[in-house]
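Please find one structure pasted underneath; my questions will follow.
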Amino acid sequence: MAGVYKLTAALRGHEDDVRAVVFPSPYFVTSVSRDATVRLWKREDSEGTVFSDHINSTGSGFINSVTFILPTEEHPKGLIVSGGQDTIIEVREPDSKDIDDAKYLLLGHTHNVCALDNYAGIIISGSWDGTARVWKGWENQYVLDGHDQGVLAVLVLSETDVVTGSADKTIRIWRNGKTIKKIEGHTDCVRGLCRMPNGGFASCANDGTVRIWSLDGHQLQELHGHTAFIYSVAALPSGEVVSAGEDRTVRIWRDGDCIQTITHPAISVWSVAVCAQNGDIVSGASDRMVRVFSREEKRWADQGALEAFENSVAASTIPSNQVGDVKKDDLPGLEALAQPGKKDGQVIMVRNGETVEAHVWSNAARAWNNVGTVVDAVGSNRKQMFEGKEYDYVFDVDIQEGAPALKLPYNASENPFEAARRFLEANELPISYLDTVGQFIVKNAGGVTLGAQEQSTGPDPWGMENRYRPDAPPPQQAKPKRIPQKSYLSITAANLPTIQSKVNELNKGLLDSGEKDIALNPDEVSALAKLCGSLQAVASPSYKAGAHNTAFSGGLELISKIITKWHSQSRLPGLDLLRLVAAATPLAATYEPINGLKAGDILETSGAFDISHPNNVMLATRTFVNLFQTEEGRDYMDNRFEQTIQLAEKASDGTTNRNLKIAKSTLLLNYAILITSKRAIDRAITLLEPLTNIVKKEIDSETIFRALVGLGTLLTLQKEVKEAALSVYEARQTVTEVEVRIKEPRIKDLATEIRELL
């Protein structure tokens with residue numbers, strides 16, 4: 001019979017929660033964290049207990065997912081694949097340095113990349129954007145679009161078959177990009193997936209269960225034992241299952257029974273992984289620690305380290321709501337520990353003088369282990385009631401001006417980001433608020449108001465990542481009107497070093513393949529660096545208009561080369577640069593880098609609106625959006641109104657690309673602002689059709705929101721526009737229907753404003 005797991009090493013280095021871990025070799029572990037680092041922990045020999053720490057890369061936001069590609073001839077060290085908040089999947093060699101370029105960048109997701117896996121030459125990624133993506137040869141092979149909410153777990157079964165798990169509570173099995181099975185077993189968000197060594201796969205979920213499935217999706221087992229959300233699951237070569245979750249434990253399962261429970265001195269154990277070669281396991285937790293455990297005594301830590309780990313668990317405090325109601329007078333004393341437990345992981349509470357202790361039964365040790373002192377997190381006299389339950393905190397959250405504050409209940413033992421998720425789901429709010437609400441809970445105590453934010457200094461206050469949330473006004477202040485909109489919107493958030501790196505990577509590929517005639521020459525590579533530096537300078541308070549015109553004109557020439565001569569699938573970073581230049585300088589609207597053609601004309605003639613490359617279309621549309629930022633750009637867009645609307649309508653017809661939908665809606669809104677300022681009635685009536693079509697047919701609330709603002713802005717013009725909106729486009733009925741369909745306060749408020757105008 002296999003032995004008990006004990007601590008091998010506790011690895012300290014991360015400065016925030018460790019969100020994901022992998023254990024691809026006995027010689028090293030890889031971990032990623034909310035501190036934005038990917039770390040490599042190496043040991044000198046496979047039996048050692050001492051690991052060295054190396055920061056393999058640093059990102060621009062939380063890094064939440066990681067997988068490791070085993071060594072190949074091309075990459076003898078293997079490759080680390082990581083993803084997170086910045087939506088970019090980076091592929092790097094172990095022992096990389098921050099200054100090194102990533103080997104590959106996988107672009108396509110539009111929100112946090114929260115899950116990664118690879119097998120048989122296939123990479124799969126899952127994201128809060130509601131999709132999974134299958135990658136082969138560093139190119140996107142399929143976009144798996146079928147879940148109703150974020151894809152939180154992914155798994156590759158073979159070259160053709162993959163599995164996804166979602167916040168919509170379902171699991172889907174896909175073959176060659178198509179759903180072949182939808183599984184509805186779990187009753188809450190599916191958080192983790194893993195391959196089973198003898199075929200099939202396992203899943204875990206917020207419903208507190210681990211489930212084992214056959215390859216064709218039939219449930220074989222259901223494992224109960226965790227007392228809270230389960231975030232991660234892995235399988236040992238023996239067929240045993242390992243799971244980790246919000247109840248602070250890692251649990252090992254054999255034949256449906258929990259045979260060992262390893263309690264951690266943390267709020268959450270986010271991730272667990274196994275080493276296939278030796279059966280060791282690694283965990284990553286909210287206390288910023290990576291821990292390695294082994295069944296082999298020769299790989300156990302020394303007695304001092306083992307005792308220190310046990311003492312840290314025993315010294316941790318457990319808020320009473322995590323283990324149930326505590327009535328101290330009714331609890332047994334220490335004598336209760338003389339009776340053996342009924343199953344591994346069983347928790348009992350006992351009185352020890354004036355304190356209450358929680359003890360967990362270990363089948364392996366045949367003993368009760370002290371796992372902490374039970375306390376009221378903030379004292380029983382400060383508990384607050386919400387919907388019949390007691391909470392340590394009940395925050396007032398102002399999501400929208402003029403609306404009543406929403407209540408956010410939170411217990412100190414909870415993971416704040418799970419409390420935030422529950423709050424957003426209960427109030428039907430966008431998941432894009434998750435980090436903001438979670439960070440608010442982390443930083444505040446005592447019922448502080450959320451929503452009073454500094455005025456945005458960024459380029460897009462309605463943003464792709466930050467929904468528009470105005471400062472909370474005094475109670476007597478009237479609700480502000482959103483209509484008419486008078487300031488033009490832009491979409492300029494970007495990671496310039498990553499864009500520059502991608503251009504250089506693609507350019508190297510052209511040189512290596514002998515396509516020197518279209519590759520950038522050294523002078524153009526230098527111009528690229530100057531352009532990125534100038535775009536970075538635009539955000540500086542000391543920036544002076546016109547100071548970087550040389551860099552911008554040179555940059556427009558090299559961008560024109562990329563988007564006209566490079567292969568269509570390689571033009572994305574060039575289009576991204578053009579989008580940024582369009583907002584930064586009037587030259588984007590006046591300079592003619594190719595045969596008398598301006599930037600917008602080049603977009604149209606170069607094939608940037610080819611619908612077979614939707615991300616190219618999306619960035620081209622964003623470029624048109626950003627041209628409204630300068631007077632010269634507005635004049636240019638005014639002169640090409642009809643052809644731009646036709647181009648955008650045709651290229652976006654039937655698209656499922658959310659970013660493209662939002663870009664198009666923003667383009668129409670900017671045109672509505674321009675048309676209203678010029679009081680161009682005929683054009684206003686022309687614009688009514690595409691705006692009302694969005695409101696009638698779209699399901700994405702951000703796309704609808706921008707279209708409604710555009711529609712309302714047009715309705716502030718003369719009665720001819722209102723009459724056309726009512727008689728031709730049934731505007732009153734349309735806004736009433738969307739208010740019912742999209743249950744968001746901001747949509748309701750806009751619908752009310754528009755009905756008042758009509």
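The first residue you see is number 1, and the count goes up from there.
Positions of Cβ are set from backbone N, Cα and C atoms, glycine also.
Fair warning: this is a prediction, and the values are worked out from it, not measured in the lab.
Pulled these from TrEMBL:
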- 360-455: domain 'PFU' (DOMAIN)
- 481-757: domain 'PUL' (DOMAIN)
- 451-484: region 'Disordered' (REGION)
- 11-42: repeat 'WD' (REPEAT)
- 106-136: repeat 'WD' (REPEAT)
- 144-174: repeat 'WD' (REPEAT)
- 183-223: repeat 'WD' (REPEAT)
- 223-253: repeat 'WD' (REPEAT)
Ranking 11-42, 106-136, 183-223 by the number of C-beta pairs under 8 Å to the repeat 'WD' (144-174), which range is first?
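The listed stretch sharing the most Cβ pairs with the repeat 'WD' (144-174) is 106-136.
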Just to be sure I understand, if DSSP states are collapsed into helix, strand and coil, how many residues of the repeat 'WD' (144-174) fall in each?
0 helix, 18 strand, 13 coil
Which residue counts does DSSP give the repeat 'WD' (183-223) for helix, strand and coil?
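Helix/strand/coil tally for the repeat 'WD' (183-223): 0 helix, 22 strand, 19 coil.
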Pull the DSSP breakdown for the repeat 'WD' (106-136) and write it out as helix, strand, coil residue counts.
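Secondary-structure composition of the repeat 'WD' (106-136): 0 helix, 20 strand, 11 coil.
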Could you give me the DSSP helix, strand and coil counts for the repeat 'WD' (11-42)?
0 helix, 22 strand, 10 coil
